[in-house]
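Undergrad: Found this in Swiss-Prot, in case it helps:
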{"type": "BINDING", "residues": "G67, P68, E69, S70, S71, G72, K73, T74", "note": "ATP binding site"}
Amino acid sequence: MKIDANKEKALNAVLGQIEKQFGKGSIMKLGENRSMDVETISTGSLSLDVALGAGGLPMGRIVEIYGPESSGKTTLTLELIAAAQREGKVCAFIDAEHALDPIYAKKLGVDIDNLLCSQPDTGEQALEICDALTRSGAVDVIVVDSVAALTPKAEIEGEIGDSHMGLAARMMSQAMRKLAGNLKQTNTMLIFINQIRMKIGVMFGNPETTTGGNALKFYASVRLDIRRTGAIKERDEVVGNETRVKVVKNKIAAPFKQAEFQILYGQGINRTGELVDLGVAHKLVEKAGAWYSYKGDKIGQGRANAGKFLLDNPAIAEEIDTALRGMLLASVEPAVESEVGDENVDLETGEIF
């Protein structure tokens, strides 16, 4: 694009002045000296990484994971922390619910000796700790569990029954404004786990909403809705949950995609089962009757045995994983998406209700 010489001279002068006042990189052309690819960390589930479009959750952004109780929210974040630690990243867990189980975290592959953990007394304290860790530039992933447990100081110091209308929402709104810029500058991922509440008197549409006001919905680059859809049984014993995750909002790829996987009690996400299912679906793993085979070699009779074979042979599992990621994760184009979740939008008409 040809720019008038006088305009170009004036533009260069003002750009130089801005950089002198606010520092180099404070303003630049969108395609200049920027990493166009978003750095991501795997969620621990291949199907969810594919649904997110970029191969995982994005660094330098705010992420919200919400769902009913015992749906797998904390498990998903612990799987992500384990994946981040394997890449040499520093992680922190702000345990506002005071319910983190270190034994379970260790079973999922989390290095608990190097996981920073805080159990704050108030919501303000939790968010100040988040801000301090972010500004240090030394922490890569911060998880806050949960937004509903971030109780404002005024509410803690007051009496039960006192009205504190909008306090938590105001606190979250202020924190989002402060944190968003710092997270981008230091390339830190901040994950908020959230709970579901019911709106009173809703006759039409979805009565469900999340706690902490609307600020988090707007500032989050990715919002995940996680639900338990069924039980996994071995004979009469329940050994895990069938889980569905819906990408409600996505600023790094197309939103509204879904992923289904299994969470096994005491083990976390059933990765090998996913590899078998996706391998068969994309013709990497052959299935003949009950037998599964890979590159002509039989790997097991039945899905469970095929999964066990991959668990015992991590090199083959890694080979299938790499091949599937290469097939399913194309280059990501940033999506133009709504600032509200799909619970407020009619997908057919696009009307907000």
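Just so you know, glycine gets a Cβ as well, placed from its N, Cα and C.
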Undergrad: Taking G67, P68, G72 as the binding-site residues to compare, which has the smallest set of other Cβ atoms within 10 Å?
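TA: Counting other Cβ atoms within 10 Å of each of the binding-site residues G67, P68, G72, the minimum falls on P68.
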Undergrad: Run through the Cβ atoms and count how many others sit within 10 Å of the one on E69 (ATP binding site).
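TA: Neighbour count, Cβ to Cβ under the 10 Å cut-off: 8.
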Undergrad: Mind giving me a neighbour count for K73 (ATP binding site)? Other Cβ atoms within 10 Å of its Cβ, every protein chain shown.
TA: 21
Undergrad: Select the most exposed residue of S70, S71, where exposure means the fewest other Cβ atoms within 10 Å, treating these as the binding-site residues.
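TA: Counting other Cβ atoms within 10 Å of each of the binding-site residues S70, S71 gives the minimum at S70.
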Undergrad: Check each residue in the chain of T74 (ATP binding site) that is at least six apart in sequence and keep those whose C-beta is under 8 Å from its C-beta; list them in sequence order.
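TA: Counting only residues 6 or more apart in sequence, the Cβ neighbours of T74 (ATP binding site) under 8 Å are L100, D145, I193.
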Undergrad: May I have the list of same-chain residues other than G67, P68, E69, S70, S71, G72, K73, T74 whose Cβ is within 8 Å of the Cβ centroid of the recorded ATP site, in sequence order?
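TA: Close Cβ neighbours, site residues excluded: I226, R228.
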Undergrad: Could you say whether, by DSSP, T74 (ATP binding site) belongs to a helix, a strand or a coil region?
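TA: The residue in question, T74 (ATP binding site), is helix (DSSP, three-state).
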